[in-house]
Amino acid sequence: MPGPRGAAHGLAPAMRQAGALGLLALLLLALLGPGGGAEGGPAGERGTGGGGALARERFKVVFAPVICKRTCLKGQCRDSCQQGSNMTLIGENGHSTDTLTGSGFRVVVCPLPCMNGGQCSSRNQCLCPPDFTGRFCQVPAAGTGAGTGSSGPGLARTGAMSTGPLPPLAPEGESVASKHAIYAVQVIADPPGPGEGPPAQHAAFLVPLGPGQISAEVQAPPPVVNVRVHHPPEASVQVHRIEGPNAEGPASSQHLLPHPKPQHPRPPTQKPLGRCFQDTLPKQPCGSNPLPGLTKQEDCCGSIGTAWGQSKCHKCPQLQYTGVQKPGPVRGEVGADCPQGYKRLNSTHCQDINECAMPGMCRHGDCLNNPGSYRCVCPPGHSLGPSRTQCIADKPEEKSLCFRLVSTEHQCQHPLTTRLTRQLCCCSVGKAWGARCQRCPADGTAAFKEICPAGKGYHILTSHQTLTIQGESDFSLFLHPDGPPKPQQLPESPSRAPPLEDTEEERGVTMDPPVSEERSVQQSHPTTTTSPPRPYPELISRPSPPTFHRFLPDLPPSRSAVEIAPTQVTETDECRLNQNICGHGQCVPGPSDYSCHCNAGYRSHPQHRYCVDVNECEAEPCGPGKGICMNTGGSYNCHCNRGYRLHVGAGGRSCVDLNECTKPHLCGDGGFCINFPGHYKCNCYPGYRLKASRPPICEDIDECRDPSTCPDGKCENKPGSFKCIACQPGYRSQGGGACRDVNECSEGTPCSPGWCENLPGSYRCTCAQGYEPAQDGLSCIDVDECEAGKVCQDGICTNTPGSFQCQCLSGYHLSRDRSRCEDIDECDFPAACIGGDCINTNGSYRCLCPQGHRLVGGRKCQDIDECSQDPGLCLPHGACENLQGSYVCVCDEGFTLTQDQHGCEEVEQPHHKKECYLNFDDTVFCDSVLATNVTQQECCCSLGAGWGDHCEIYPCPVYSSAEFHSLCPDGKGYTQDNNIVNYGIPAHRDIDECILFGAEICKEGKCVNTQPGYECYCKQGFYYDGNLLECVDVDECLDESNCRNGVCENTRGGYRCACTPPAEYSPAQRQCLSPEEMEHAPERREVCWGQRGEDGMCMGPLAGPALTFDDCCCRQGRGWGTQCRPCPPRGTGSQCPTSQSESNSFWDTSPLLLGKSPRDEDSSEEDSDECRCVSGRCVPRPGGAVCECPGGFQLDASRARCVDIDECRELNQRGLLCKSERCVNTSGSFRCVCKAGFTRSRPHGACVPQRRR
């Protein structure tokens, strides 16, 4: 019955993006039934069943990219692949369309039922085999002989498929040639068999997407894609290439049919892809040059390959097929292989291997597929290579040196006297060739076969070459150097010729000398010329009818057979027709075939078709590097290298070393002989050298021939040595002759700087000033005035040629004659040592301060306030009281002064006191010392993590543990006081961490004790970091509102805002404003003018800093700013406040004032209009302006000047600022400096004892 009308049901794509397929344009063609052809076709072109069933089924196609690469290391290459993301296309009933478009995909539904092996490529086009044409490949092509040489549909350029006569109706935008590989997937419905169930099956394919990355050394495998098609069990699946990268036509096809309905319900799996090798190396299964692309093992080993593999290489198995193509079907038992050029399709069918579909076949030429074989046609200027898979460009033979030996140092030795071509050199006795010492390829490799296709001892004669490729239709190609190629008609043969093998005849290389008569490999019939010359070599083939592959019905396992049925062939006796069919062997006829019994030295072809010579040289019987093995018919010969001799033993011929050192006196009397494999070496004794003779010997060296041997005397030669007869000093011989006086003054300037006077046998020097003669009087040397020590005393003396320079040290100055340094008496200056005794020293002075005083600035003695300098003095059980030049401790009750009166100690110390450590996390945890004289309870019940002395630390017990409650029964922050007992139980007291640990826990802040614990208060602009135990600067620049439209720079306790001119920073608005905006800003400061004339000109600028408009006009100003803005009349402006409504947030929040208000000490109100405020600012107040000082400053007694506050003196009485450190006052602030012998640790910044190195 006819199929459904129109196109088959389409595919609904549901795609996911994948990296490797995102840019790939794939063409998916789905045939949902043989009856899906276009209407109006002939009746024979329509299917008869199964289409409707498949159209109702839902199927799915999954594309899984696999990206492969090749890694080579030390000559070993390995391929590895990685799985990419999947893409899925789903088709089901009810979504019929001609074209579906997705991201990176073009989906076309094809309604054509291509017949006779045709493959659907688009909506209206079939790719037909060479023997058929027509829209559906239903019409046999006229003259289907493969050798017609025509350009019709039967002969495609790159494969065996051709399109019908109808033009393709591809949708707009589709390209015939693409840089990507385009494949078609066909799902074809078959009639369901009896008893088959509905479960779906799936088929998998692994196809290449395009060429791999090619470099100068490594050719990476191309990326591949794994295609999985889920389909009903009655359907079959085919995948074939529509277009390859930069191709001009169809490239290849792959077919996969589902398994017959068997005992195994598991779906078929995709066979892996690997590398196909055509040659093998000695002791290795594979060669070094595989085909560029990936192939299946059955395609490789069933056609041109000898080995196949993926990460490892394996030799191809021997084919088990022993049948001969004769009339009628040829049956073999189950498990038998298909013949050469075919692969098994199922248990009863063999399918032709399309060698042209293998990547890299017939490079630089055209590949033509034949049933069971293929053909390579090379363009002019190219010839078929020995591997028969590529065309090689003809190049003129260059002649150069031929070397017979290559040393272990990669140096070429023993060149031949005549120049040879690389082929003549490497195919005979040469080991390297050319001026660059190019090594000859190893025997048996692909490179060796490339230049020596006939093996060692043979070379190609360019006068006559015969290239023969035998397939289903035999043909020969003759190349003539003197004329165009002439086609040769071959006789028809009743059977297929044996496959090619790597022998001289099968390579098509004739080893006989040139002859005048043209003859082919099969010399049975004369040749005829039937066509004029053409630019390409013409192919002449024997016509052969098409081969039909008939599928036999299913038979029992014992009767299953493989059938390949060629038609119109008569049965013949090959042994009788061709007596030399086996070559070097005897042909034995059989009932259905013949076999060959080969002679000694020959082996049977793998297909048992004829005898080929055994190449004994592959095993290197002559020895590596010892000789050249020449393979002969049935045997071999050894041509030993120099230094080796021929040895004939039970194991055959070989080359053994020749010991030349057995010959006496081989190296002469001046040396000895050392034998090496293949050569010998003469080692000469000292005083002898090797003479370049044949053979080389050691001869005496006449050292006296060299004039430099005895430059100062006469030379006398001796065997192996020489003797010099010295001349008198000042005399010299001329080449061993008489001794003559040497004029030293004429040979140079030995007395420079000075004058030379020649004397008999010597000379004399008169030196210039600053130089003196040397001890021998033969040269002038510089006088080192600095070495004598008489100049530059108390300075650095630098010697110069003929003189010297003085550089005085600190405390010295240069004398008038600039020859010495004189001391500077610093005590002559009154300010050198104020309050102390000045003692002048050489180059410096000393200021000795009385006891209890210290030197300030190196010039002033000041009383040391030990109590403020070290707040920890007398703590924790006493108070420090400063004295002039000393201090004393006032101890608490229960404590007494120490002997030095500088500390308080308990009358009785029931507890030991040691150091308290903060944590063990520091790299050097010994530096994290909180206190140095505390009990274990005071340490571990408060902030301590360990307690001990000198880094012998006892960890504090874990909080809430039994040990902790035993040590700290009252909890964190409390300790027991044994002096206070309530009801027999010691009372607890709070631990004052601020006194116990001081600045170690509240750095840069004020510590306030609480019960329990403590609080650390920081200055404005700082915050307390509980991990660092210190006040850390606040980065105001992190707040974008602080410096809008400007560049914010964080400072310690504040920040700066840099504006781009002419913009200015507005503190009130915390942003950069333009001049127009600043004009109306209340905080803008400019010059204040004391007078303003009637003409609007301002004059008399007021002294002091710039003021705002309000500050200027509320005082004595009459004009303001560079534009001389007039001030309003007194009492009329609203900008001058009448009551105190302002507050200074700085003074309200500054902890440094300790309760002092600016109204009391830091401001000055003036009743008059004038306000004098040096280093501060005037603020208008009722009754007059007030002088206010910035942070860190206070008003002096005059109330008109801001002076710096000495925080170290006023605020560090109890060590609130710098505990255990030295406080240094700065302008507006202060800083803490560690005492001598201490250094600041990280990360807490505490001062710890400096380690001695």
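Quick reminder: no glycine exception, Cβ is built from N, Cα and C everywhere.
Since the structure is predicted, the reported quantities are computational estimates derived from the model, not experimental observations.
Annotation source Swiss-Prot lists disulfide bond at CYS301-CYS316, CYS356-CYS367, CYS362-CYS376, CYS427-CYS452, CYS575-CYS587, CYS598-CYS611, CYS751-CYS765, CYS767-CYS780, CYS849-CYS861, CYS1059-CYS1072, CYS1113-CYS1127, CYS1208-CYS1223 (among others). Under the heading domain 'EGF-like 3', Swiss-Prot lists 571-612. Residues annotated as domain 'EGF-like 7' in Swiss-Prot: 782-822. Taken from Swiss-Prot, the feature domain 'EGF-like 9' covers 863-905, and the record attributes it to sequence analysis. The annotation N-linked glycosylation site is assigned in Swiss-Prot to ASN86, ASN346, ASN842, ASN933, ASN1225 on the grounds of sequence analysis.
Mapped onto this structure are the features recorded in Swiss-Prot.
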residue : record         : contacts (Cβ under 8 Å, 6+ apart)
CYS301  : disulfide bond : TRP308, CYS316, PRO317
CYS362  : disulfide bond : CYS356, TYR374, CYS376, VAL377, THR389, GLN390, CYS391
CYS575  : disulfide bond : ILE581, CYS587, VAL588, PRO589, TYR594
CYS598  : disulfide bond : CYS582, HIS584, GLY585, SER604, CYS611
CYS765  : disulfide bond : PRO750, CYS751, GLY754, TRP755, CYS756, GLU757, PRO773, ALA774, GLY777, LEU778, SER779, CYS780
CYS849  : disulfide bond : GLY835, GLY836, LEU855, CYS861
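Secondary structure at CYS575 (disulfide bond), taken from DSSP and collapsed to helix, strand or coil, is helix. If you measure from the Cα atom of CYS1127 (disulfide bond) to that of CYS767 (disulfide bond), you get 89 Å.
Comparing CYS1072 (disulfide bond) with CYS1113 (disulfide bond), their Cα atoms are 25 Å apart once rounded. DSSP assigns CYS452 (disulfide bond) to coil, not to a helix or a strand.
Sequence-distant contacts of the domain 'EGF-like 7' (782-822), counting only residues of its own chain at least 6 positions beyond either end whose CB sits under 8 Å from a CB of the stretch, comprise 753, 768-772, 842-845. Nearest in space to CYS1208 (disulfide bond), taking C-alpha to C-alpha distance over the disulfide-bonded residues CYS367, CYS427, CYS452, CYS767, CYS1059, is CYS1059. In the predicted model, the domain 'EGF-like 7' (782-822) shows an average pLDDT of 87. Comparing CYS1059 (disulfide bond) with ASN1225 (N-linked glycosylation site), their Cα atoms are 32 Å apart once rounded. Neighbour counts were taken at the CB atom with a 10 A radius for the disulfide-bonded residues CYS1127, CYS1223; the maximum falls on CYS1223.
A distance of 95 Å separates the Cα atom of CYS427 (disulfide bond) from that of CYS1223 (disulfide bond). Closest by Cα distance to CYS767 (disulfide bond), from the recorded positions ASN346, CYS367, ASN1225, is ASN1225.
Under 8 Å, Cβ to Cβ, and six or more positions away along its own chain, ASN1225 (N-linked glycosylation site) finds ASP1204, ASP1206, GLU1207, CYS1208, ARG1209. Minimal Cβ crowding within 10 Å, among the disulfide-bonded residues CYS452, CYS587, is found at CYS587.
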